[in-house]
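Below is one structure, written out as structure tokens, with a few remarks after it.
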Amino acid sequence: MFSGSSSPPKDKSNSVPHSGAVDTQSLSVHPEEGSAAQTSKSLPSGGFFTRRTSEDQAPAGEKKRRSSTVTKAATFFTNAKNSLSLSSSPRESSSFNYTVRSPQTLQSLGSMDPALSVPQGSLNNSAGDSLPTPRSSFKVGVTEDRNRKCRRTMEDTHAYLYNFLGTPAPLARADGENEAGSSLAPDEASSVVETDNGYFAIFDGHAGTFAAEWCGKKLHLILEDIMKKNPNTPVPELLDQTFTTVDQQLEKLPVKNSGCTAVIALLRWEDRIPSSHSATGSSALAPAAAAAAAAKGDSNSEADDTPTQATSSGPSILPKLQEKAIRQRVLYTANVGDARIILCRNGKALRLSYDHKGSDENEGKRIANAGGLILNNRVNGVLAVTRALGDAYLKDLVTGHPYTTETVVQPDSDEFIILACDGLWDVCTDQEAVDLVRNVPDAQEASKILVDYALARFSTDNLSCMVIRLDTNRVKEVINKTAEPIGVAGDPSMDVEHGVSEADKIIEGARKSMANADIADDGETAEKGKNDILHKMVDGEPGPEMSLDDSNDAPTVSHLNKTNANNGIP
């Protein structure tokens with residue numbers, strides 16, 4: 001997304017920001033006028049022998065001043081070279097280009113963590129191989145392009161799952177004891193529980209690929225684990241907690257400079273009840289039941305100091321709530337940075353994300369209040385986004401708290417979803433993207449059309465685009481109960497013996513592959529080996545992100561069927 005010490009510049013004519021360029025002529029010493037030897041003509045500057053002759057003919061005071069100037073200039077040049085990783089090879093001596101480093105990958109860590117050893121699935125899916133089933137109500141298409149004319153490396157990753165974790169039953173206990181697809185550890189007899197709950201994500205890396213690759217392999221697993229432990233917590237809060245956890249784990253790794261923007265979406269089946277307190281007009285049954293049980297328990301405790309009444313109030317409330325509940329399709333989103341998610345509703349583009357850029361007034365105020373500053377629309381003059389995962393060296397300013405939304409899908413009007421990095425949005429508006437692919441029923445073809453359009457419009461960044469085409473007829477059948485319900489604990493299709501989530505099944509396959517290769521993934525030896533590998537990776541770590549792009553477009557947010565949770569945005 002952004003050019004940095006590990007990425008090539010977007011334009012050869014602007015290979016390095018002006019603030020980082022060093023004029024080689026500043027290292028030449030120009031003797032002051034008044035010297036007896038220079039009253040008739042000036043000697044050419046820049047040569048070694050010229051400087052030596054000038055020093056021999058100049059007074060001692062001038063020699064000392066010039067020596068001090070040369071020392072300071074040399075020190076400045078050395079520091080600039082180290083911070084920007086300037087190349088000093090003869091082939092590149094004519095211009096200051098960033099040194100080409102091998103992209104950081106997680107291959108060396110795969111032997112220590114099954115999640116990091118999962119092979120790429122179809123369409124280069126970082127989460128592994130995930131395919132639709134006859135009961136799937138959506139189809140995913142993904143196209144990515146390095147943009148080789150402008151980029152030497154591909155720093156984007158993406159992930160998706162067709163059968164993400166099932167929606168928990170109301171008042172389910174923590175750790176997923178009552179949750180479909182998560183009650184048992186995967187084993188040889190385990191099978192994937194078909195949930196029709198989708199997970200989609202795009203990670204746009206900068207200053208190397210490490211953070212983006214790590215998130216592509218791990219974020220959905222962290223999210224699933226948090227959802228299992230908090231089955232009655234609203235999903236937007238769980239998304240915020242997941243991003244915070246990911247940020248904390250990345251900060252502990254030695255690769256401090258790598259970071260990524262992120263946009264993720266969850267498409268879930270939920271039993272929901274009407275709610276006047278929700279912007280969507282309804283709320284999920286599980287959190288509502290938990291809140292009602294807690295409220296009734298508190299009132300009973302005040303009337304009678306009997307603690308058992310609080311715990312027994314839940315089952316008595318649940319039947320009343322279930323009578324009002326209806327099955328609905330819900331889309332949850334979360335993003336940090338400038339990757340976007342767009343929902344097409346009746347042909348209109350609805351943006352369900354927020355561009356966290358230095359040009360945004362709200363984000364600029366937040367950065368200033370945190371002790372930073374915005375220079376040339378960049379955080380401290382370095383990073384073009386104000387929120388990201390990773391970037392530990394700027395973590396006091398660049399937070400990982402996401403912007404979250406909650407949208408109830410309207411099957412009669414909601415057609416498809418677009419997730420893409422800024423490589424597309426820099427040259428294409430939200431509505432243009434919708435208009436380009438609205439009449440393209442195939443999701444894969446639609447994603448390719450958008451990437452090709454961005455290349456034709458001279459996008460200078462890596463390109464990743466994901467299109468999720470909704471099967472409106474299938475959604476209507478489930479909502480109208482003309483088809484068997486799916487996705488929520490308690491449904492007949494969820495009652496699978498030794499059933500596990502799709503993510504758990506993929507990890508189990510990777511663990512078996514490691515076992516067949518006689519590679520241990522636990523114990524002190526594995527942990528020590530993991531730390532040794534990580535510390536070795538630090539030696540080749542790219543420098544901080546240096547963005548050459550200057551985007552002045554102000555973000556616009558579509559306020560439709562959305563709720564904000566822990567966004568920190570006024």
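Glycine is no exception: its Cβ is also placed from the backbone N, Cα and C atoms.
Site annotation for Mn(2+) 2 in Swiss-Prot covers Asp204, Asp461, and the matching candidate from Asp240, Asp247, Asp422, Asp495 is Asp422. Cβ neighbour count for Asp422 (Mn(2+) 2 binding site) (all protein chains, 10 Å cutoff from its Cβ): 26. According to its DSSP assignment, Asp422 (Mn(2+) 2 binding site) is helical.
For the binding-site residues listed here (Asp204, Gly205, Asp461), the lowest count of other CB atoms within 10 A around the CB belongs to Asp461. The two recorded residues, Asp422 (Mn(2+) 2 binding site) and Asp204 (Mn(2+) 1 binding site), show a Cα separation of 8 Å.
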